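Novice: Structure in structure tokens, see below.
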Amino acid sequence: AQDSCAHQCGELLGTCSCQVTCQSLGICCPDYKEFCLQISPYSGSLMGGKDFLIENTAFNVSSVITCRFKQSIITSGYVAKDGKAHCISPLLYETGFIPFDVSTDDGLTFPYSGTWLSVHHSKVSDGEKCTLVNETKWQYYGTPNTDGNLTLTWTQQALAATHINIEVWGYQETGDSYSENWLAEWKYLYTLAREIPNTGKFSFIPVPANGNYSTWDFGILRITPRSYSDGQSNIPSVWSSEHALAWHLGKDFRNDPNAWATAKCVEWQRKEEKLPDFMEEIIDCPCTLAQARADIGRFHTDYGCDIEKGSVCTYHPGAVHCVRAIQASPQYAAGQQCCYDSTGTQILTRDSTGGSTPDRGHDWGSPPFLKPPRIPGFSHWLYDVISFYYCCLWSDNCHVYMKKRPSSDCKTYHPPRAASAFGDPHFLTFDGLNFTFKGQGEYTLVESDLTSLRVQGRTQQVHFPNGTEAQVTGLSAVAMQENNSDVIEVRYSEEHLEVLLNQKVVNFSEQSWMDLKGLFLHSMADQNITVMFSSGSGVEIRGSGGFLTLTVLLPEKFMNHTQGLFGVMNGNTEDEYTFKNKTTMSVHASPQQLFEFGAHWAVENGTSLFTYDTEYLLNNFFFGEKHNASFLPVFIPYEDPADPLVKEMVLLCGSDSFCRFDVLTTRSLEVGRSTKLSHQNHKLLVENLQPVISCGWLDHPTNGRKNGTNYLLGSTISFICNQGYELTGTKERICQVTGTWSGDTPNC
């Protein structure tokens, strides 16, 4: 009898497969498509309430559908008239891929399974939420000059109902901070409007909420069909964005918002003083905008202030770009933010209100999520955003907030090191050596004993413009993993990049950013793929001219902990060609010797991270040799003065030997052009990642002021006393090569 995929999705069975690769290999169990579910949409907000369709399985119309997430959270499902089943996504306190299974026998057995992608509430598209029209008005309601009507709009079709209810929910965290009993909760508070027509619009004049509810100052609205009871969990819903609930706060707030908020700000300050200091353990900021944008493994654009989108930096006047640290700090799960002005210099809160402020709660949350302070978005709102309303927006006490959330300077920041591979593979190592290795096979580009990081590359033979095979290879796939993280593979597939997550093709149509196990994955519109591992190492892959261009960035802690084709990262190029047994080959080795060095780093089936999901890949790379010893590339191409291509090549490439090499061996100027570009990009990256010396922030003297807010090498800060005071000490201090300021502290 054939095996069945019931309860077995993802497994390889005796007679057939329920793994995702079974389809392209043609070895699926007959009922694979019935039990291993494809869903649409595949993602939605972690707040839940989204209806999704099970695409591939037809159910009996009378079936009672039960959907179960993470083995424990039950939501109801239903079968529509067309025989397709639907599930409702649940409220989750985490982001990422969530396993779910489905029962058709009222919850006795759950043989069908799939995964749902839970997304940070701010990363969900606006169309999926209801809109607070003029959101600022909602969040300042009751402060001077803010009153009148409030309006909420939504997409009518989002809920299959003629009449709807609008509810108010509040978020709270209870128990003791940083202890086991610290818990997060979204709580239904009251129903704002009942049984109103589903027209897609509702306007009202807000009144202070009854009794206790008016003390909830951070929350969200939920629209549901009227057929459900108040506050019922995991039902079809449309949520608003989370916001400060100024509009329903009590009479005490409306009578004197400034006094109310000042009292809240002072209370927040008192609470903060009892909590542990998270500032000690967050990463320091990059010194310059160039470093911040180049360190893609550890910092990512802060969407609230993005130079690519016209630098609309509402909360950071004077800044042109901010970044956030990708990883939360180890113990307290805190976040870092860094902002820069138009000269590329860091802006600090101690000099300007436009400065960056670190976060007690990382905005994106952090694994394993589920409990404070790691709840995506909402922990951050509670510790860092609502307090900003108390101190800075609803009252005039911003100095209190800034004192508790001062910017970090860059005194201890060390840029990462970069290595790249591109073209007919040319390799630029972490220590800056470059060489060409054109083996055909699968090779270890870098591996590290520090975090079990492994990045592997596959090369395939290049074709001439006329379709015949050239005697050179190019990078066609890269696979990577760190510790026991998810495995990511990026490969060329018919002119576009295909990304595999644990062997399954990733679809970026709904989400371009994914929180995965041990890493974050980001796909840019122009097909740049970035993988950010939890160690702070980053991998960026682009498609160019038919091959992949790969860049790996490693933080300083990887010094003396790498091996592979990208060499030993230790600042010394002499030992780049190091074999597994730690013997080395001279850096002046011939191309033929380098070919042997490369072959030595071929991967083995037991340690390969690649997916072999076609006959071609199985035969050529899995059952075949990992390094094709019979393939001998062109080592040194011949430049024939009579060759018409040579003239064009010289014009295109100039003195770039990689570009010249690739034009001659592939007969394609297009390949040469993309090689030249990749080479230039690498040089620029290395330049942007040069260490910068910082002497740290300098204060002005009491009864005096200072000129200058740049604290990097060569900067000058001068001091002036107020009228009637005289300056002793140094009038002008310069940041020196030693990382210290010249002269002595001035006094007035």
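Cβ coordinates come from backbone N, Cα and C, glycine included.
Heads up, TrEMBL stuff is auto-annotated, nobody curated it.
Okay, so TrEMBL annotates it like this:
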type	residues	note
DISULFID	Cys721-Cys748	disulfide bond
DOMAIN	1-40	domain 'SMB'
DOMAIN	257-405	domain 'AMOP'
DOMAIN	417-609	domain 'VWFD'
DOMAIN	693-748	domain 'Sushi'
Novice: If you draw a 10 Å sphere around the Cβ of Cys748 (disulfide bond), how many other Cβ atoms fall inside it, taking every protein chain shown into account?
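Specialist: The answer is 18 other Cβ atoms.
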Novice: Between 1-40, 417-609, 693-748, who has the most Cβ pairs under 8 Å to the domain 'AMOP' (257-405)?
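Specialist: Ranked by Cβ pairs under 8 Å, first place goes to 417-609.
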Novice: Taking the Cβ of Cys721 (disulfide bond) as reference, which residues of that chain separated by at least 6 in sequence fall under 8 Å from it?
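Specialist: Listed in sequence order: Pro701, Asn703, Gly704, Leu727, Cys748.
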Novice: Summarise the model confidence on the domain 'AMOP' (257-405) as a single mean pLDDT, whole number.
Specialist: 94
Novice: When the domain 'AMOP' (257-405) is classified with DSSP, how many of its residues are helical, how many are strand and how many are coil?
Specialist: 53 helix, 17 strand, 79 coil
